[in-house]
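Among the features that TrEMBL reports, domain 'Aspartate/ornithine carbamoyltransferase carbamoyl-P binding' is placed at 6-149. TrEMBL lists 58, 59, 108, 136, 139, 265, 266 with the feature carbamoyl phosphate binding site. Feature annotation from TrEMBL assigns L-aspartate binding site to 86, 169, 224. Residues annotated as domain 'Aspartate/ornithine carbamoyltransferase Asp/Orn-binding' in TrEMBL: 155-304.
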Ligand code: CP
């Protein structure tokens, strides 16, 4: 099995075969996560730095768990606890880490392009754990895994991504990933939450009405309104947004009987959906996505760090 990637930053550098390799490897690691003793020696002796310069619950905890379950050594690091608050630059920080002979840097940062800068200043493998509004490739991969588990295939699958498209780094990776795998993608949002040029997103369709598109969708992927990236109050207001774009019990009648609901988290109940839909026992796969996060991140660590036939890290 050839897997000739050094970094996981730009999902468009990955083919459908590469993505299926990650999903199938994640499926194999799912078995490890079901065991009583959830640990294998696969990455013993490898050192992985988790550099989180922005808050995270799911991405950070699942990367750390994935590393521990593969027996890698983890160094958790970043944000206001580092010497960046004393003026040290990202590049000098990375050069300091290089001196420890680390194998991988996983970085979350508010600046789009930060993971790429790390690749230019370190011999280590780099995974983008979310950079500004740009990308979040492991989120896209765990989303694909969760959809694949429920739907079996991506071919012709109709996926609607609903909400704050303009500020979403998830969209930056998820839309191209879904297109690579053969799905049909519609973005659904008020104009104020779309980028100025929605066509650059690469989606097949743009819609301004959830009610219009809901009956067609196999997967309804809801997004949080990223108030931390908005200047001023959201428009429409959160109440109006919930009225027009919230996935509510009342709207369920418009959905296909087997349509599923995804969300990358964190969720805002009462805004992008009500609790009935967020916790829907048949439709909501939100906690399956969280679980998929460990399996997919184990697969990415294993494949990038030379677990397979990866000559790059031999
Ligand atoms: N989906 C996601 O990236 O969640 P966290 O911000 O909690 O990591």
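Cβ atoms here come from the backbone N, Cα and C positions, even for glycine.
Here the features listed in TrEMBL are painted onto the structure.
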{"residue": "58", "record": "carbamoyl phosphate binding site", "DSSP (3 states)": "helix"}
{"residue": "86", "record": "L-aspartate binding site", "DSSP (3 states)": "helix"}
{"residue": "108", "record": "carbamoyl phosphate binding site", "DSSP (3 states)": "strand"}
{"residue": "136", "record": "carbamoyl phosphate binding site", "DSSP (3 states)": "coil"}
{"residue": "169", "record": "L-aspartate binding site", "DSSP (3 states)": "helix"}
{"residue": "224", "record": "L-aspartate binding site", "DSSP (3 states)": "coil"}
{"residue": "265", "record": "carbamoyl phosphate binding site", "DSSP (3 states)": "coil"}
Cα separation, residue 59 (carbamoyl phosphate binding site) to residue 224 (L-aspartate binding site) (Å, whole number): 16
Structural state census, the domain 'Aspartate/ornithine carbamoyltransferase Asp/Orn-binding' (155-304) (DSSP three-state): 68 helix, 24 strand, 58 coil
Integer average pLDDT (0 to 100) for the domain 'Aspartate/ornithine carbamoyltransferase Asp/Orn-binding' (155-304): 95
Site diameter for carbamoyl phosphate, Å, by largest Cα distance between 58, 59, 108, 136, 139, 265, 266: 16
Cβ-based neighbourhood (8 Å from the centroid) of the carbamoyl phosphate site, residues 58, 59, 108, 136, 139, 265, 266 excluded: 56, 57, 129, 130, 170, 264, 293
Listed binding-site residues adjacent to ligand 1, that is, members of 58, 108, 139, 169, 224 whose C-beta is under 6 A away: 58, 139
Protein Cβ atoms within 10 Å of residue 59 (carbamoyl phosphate binding site), excluding its own: 25
